[in-house]
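Trainee: Copied straight from TrEMBL:
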- B:24-50: transmembrane segment (TRANSMEM)
- B:81-295: domain 'ABC transmembrane type-1' (DOMAIN)
- B:85-106: transmembrane segment (TRANSMEM)
- B:118-135: transmembrane segment (TRANSMEM)
- B:170-188: transmembrane segment (TRANSMEM)
- B:219-239: transmembrane segment (TRANSMEM)
- B:274-294: transmembrane segment (TRANSMEM)
């Protein structure tokens, strides 16, 4: 009798544990309809900073107040983490309803069934023409849209007008070609013995990398053409790589590395501190100049072109809005996406963040364009290229970058590097077929 | 007597059977965790490594394709493996020797020794991304403390984190900073060496070095073995250093900091080649297993266990 009771007690323990475990499982918010009858959708972003969070949440609150059917809930996830969590959520069948995602691999996510084809919604509300064509092309997969462009950026040459005057250069006549850029840079160099007090320009400082220069020097052609064929080993890119190397040869690699390591943020920024007279950055760099370089007299110009007529090509990036595959409320998500990419929200985002936006009308708004730097950045979008990930070689950068490094370390010639990079990429593409 | 002949073994008692059942019930939660959270994912990943699984759109059986691609078509597989081997081959001996030397130093009876032990141990309890950012400051080519100190003795230090020759030594140097953890292990084992052995040896005229070689080293060899095995296995799993100290885990200059796990991470979460990544995980498992077994085998030649008959 006593033993039977004990046995019964033993069996109860794991059952109790299981019940407790079940009770601890968090209940999903969206599984219950709201008392007010509204549909709640979950919106994931990585904008949690003091600056960005109030801006995006104001846009959300305005949307929530503008209609009585949908409530958007903002979920912040750290930059980077948001992508891996999205992957896990999509795989688990419990994703957000709307997510801000990276522009570069919309097509990769589409090919992997991670986002939603927006064609049915676009047939009802065709808003394709409201976006910059380059940005719209970027969200297509098999000629169908899987995201809406949200924001973007573009890179420009910032130059120090005071330094120009001191060097006897016209402060309202920035360099237009590579030859002028080099000529002006040499005049702007200031040396104290063997040490540079000011460097006129170095192409790889700032926010314009080897990839971008290779594109700029090759008539706007990146590593892949429209048919997914490699265009890495081209005469334009070879000439560009030699040209970039000549800058390092002139200044000295040790000088380049040492000075770059000294660059900081804010007051110690390369351009603001006067270490560099010309510097390539995005349009949003202006906010740093306003905050830390109040007395600076500077101008902005398009990226110099290789030779007259070859094109002031620049590179851009940005973020898109997507409906992850398996979202519970795609129709409501679409309504919110339309609002996010509409004129009012985009103009608000542009003005509060000093950021470039995807909506053409909002970007060209007169009020926003009263700022000359912003206006210049909007104009620069016309010659700005985006480079989505090629599906046949999605991790191409891991194979190309080492060869570019080897050139600047003197271990490969430009010709060798481009030939080897092309071969590596073609090998990778062959694997992925 | 007649009744006993038929029984081949004593019948298990009711009580013992009951206790056996109760024992299994008590460990049931752990068993559920083992099978559900460890074994199942392991076996799933083994199966997935023979497929083109990408988490969200496909999982077709492709035989050994992932493994063939790894060995014959992926130059970054070999690059990341050699980076990791370089790291392990240098990091394990250096941290082990460093820990032992530090422990010997701090095992002397000197005034203020507790303070010094604490100071040297502190770096081992610091962890996380903040430490990496600290070291990025220290390793800066011009304003960094390390190159400043080197310049005081006339050496022009390298650009540690951008010169592909020096990126991995820099990471290993960071690891040396945290030898305090190993020091603690050795300190404990050193204090377990019987004093009478030293007394007897000293009486017979043994030098300091011979006492170290013939008494200290054999007596702490089991702890050395443990430390080497765990450092070795941990070394192969290096990831954070490569990820944090290169921009967005790009692998650094000429992919010199592209460690094996970082490459695996890229394949899994950047290009969603999850089947391939799982195959990489199994290859790493096989490599570490084989090398650990070799380590175990070799240990019979140098690890001394006190209670063992020789």
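Using the three backbone atoms N, Cα and C, a Cβ is placed for every residue, glycine included.
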Trainee: For the transmembrane segment (B:85-106), which recorded stretch in the set B:24-50, B:118-135, B:170-188, B:219-239, B:274-294 gives the largest number of Cβ pairs separated by under 8 Å?
Mentor: B:170-188
Trainee: Given a Cβ distance threshold of under 8 angstroms, which distant residues of the chain, six or more beyond its ends, lie next to the transmembrane segment (B:24-50)?
Mentor: 59, 61-64, 66-67, 274-276, 278-279, 281-282
Trainee: Which residues, given as numbers and ranges, are at least 6 beyond the ends of the transmembrane segment (B:170-188) yet have a Cβ under 8 Å from it?
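Mentor: Distal contacts: 87, 90-91, 94-96, 98-100, 102-104, 106-107, 117, 120-124, 126, 131-132, 135, 139, 160-161, 220, 223-224, 226-227, 231, 238, 241-242, 245, 257.
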Trainee: Give the nonlocal contacts of the transmembrane segment (B:274-294) in its own chain as ranges (CB under 8 Å, at least six residues past its ends).
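Mentor: For the transmembrane segment (B:274-294), the nonlocal Cβ contacts are 45-46, 48-55, 59, 62, 66-67, 69-70, 77, 229, 232-233, 236, 260-261, 263-265, 267-268.
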